[in-house]
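Engineer: If you scroll down you'll find the structure; I have some questions about it.
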Amino acid sequence: MWKIDTGMGRECVTISSVATDLLLSSLHWWERRSTRMTVGIPLLCFLVLLPLNIPWSQISVTWLGVVHFLACLSPQLGSVVYHLFMNHEGGEPVYKTLLTLDMCGICMINTLGALPIVYSTLLCYPFTRTVALLMYILLSGYAIYCAITARSRVRRLRSFAWQALFRFSFFLLRWVGVGGGSPTSLRHFLTMDALAVVGGVINITRIPERFRPGLFDYWCNSHQIMHVLVVGSILYLHWGVLDDLLWINTYHCPTD
């Protein structure tokens, strides 16, 4: 069963075919259409434009470019699936599955998105770099477990705190001049995390709809604002990683 918003109240429509259910759910665009636009349009743009914007011929470590592309797609893809099929009346199990997919998308960008950052920061320290990458992957596995088992939005947001602190330690290495990386990428990464944190806080605090209930049901509510800020955060991640990937191609580690 699916709950379909006709604009004149809600009605339940029972459809026997599961395949038809899924198709109709995706076609009912008017149900939360504004929220879906804030995730669907960016997904299409990233899917088409990002591969064209990555200078593959100038990247010496190709897998970093692939990982970065997947990282940028993952949160939008998870969110699109969640919002397209959230009208299913399968109860709590279905909702938890969709929420898990959404959380996996966020965890994937936190995990895959940071790998090029760690790699370029420790470019001249191969052993330390490998250990750091493995540690971050293990930490990310724990973070996704905490995120999908969290029972509140606050705990869900807190589950990503250790990943953020891990990334920040690498930003600190760059700032003091110990770590490598493009001189222009650090400000992009700091802006990236700042936008992500602001978006999460706005979503949790329900600003602005908590002050004017009903006014922001369809447009400009906290969830949509968060989506827009996440898109901005992904763009800053992209710009920073591009700077790093090009820097790797031209930088030569000291031989002593």
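A Cβ is built for glycine as well, from the same backbone N, Cα and C atoms used for every other residue.
Copying in the features that TrEMBL gives for the protein in this structure:
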type	residues	note
TRANSMEM	37-56	transmembrane segment
TRANSMEM	62-85	transmembrane segment
BINDING	H83, H223, H227	Zn(2+) binding site
TRANSMEM	97-119	transmembrane segment
TRANSMEM	131-148	transmembrane segment
TRANSMEM	160-180	transmembrane segment
TRANSMEM	186-204	transmembrane segment
TRANSMEM	225-242	transmembrane segment
Engineer: Within 10 Å of each Cβ, count the other Cβ atoms and name the one among the binding-site residues H223, H227 with the highest count.
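Structural biologist: Checking each of H223, H227, the winner is H227.
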Engineer: Six or more residues beyond either end and a Cβ under 8 Å away: which residues meet both conditions relative to the transmembrane segment (225-242)?
Structural biologist: 35, 38-39, 42, 46, 50, 53-55, 64, 68, 71-72, 75-76, 79, 109, 113, 116-117, 182, 185-186, 188-189, 191-193, 195-196, 198-200, 202-203, 207
Engineer: Which residues of the same chain, at least 6 past either end of the transmembrane segment (37-56), have a Cβ under 8 Å from a Cβ in it?
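Structural biologist: Apart from its flanks, the transmembrane segment (37-56) reaches 62, 65, 68-69, 72-73, 76-77, 79-80, 83, 224, 227-228, 231, 234, 238, 242, 245-246.
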Engineer: Same chain, outside the transmembrane segment (160-180) by at least 6, Cβ under 8 Å from its Cβ: which residues?
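Structural biologist: Contacts with the transmembrane segment (160-180): 106-107, 110-111, 114, 117-118, 120-124, 135-136, 139-140, 142-143, 147, 186, 189-190, 193, 197, 247, 251, 253.
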Engineer: Are there residues at least 6 beyond the ends of the transmembrane segment (186-204) whose Cβ is under 8 Å from a Cβ of it, and what are they?
Structural biologist: 117, 153-154, 157, 164, 167-168, 171, 174-175, 222-223, 225-230, 232-234, 236-237, 239-240, 243
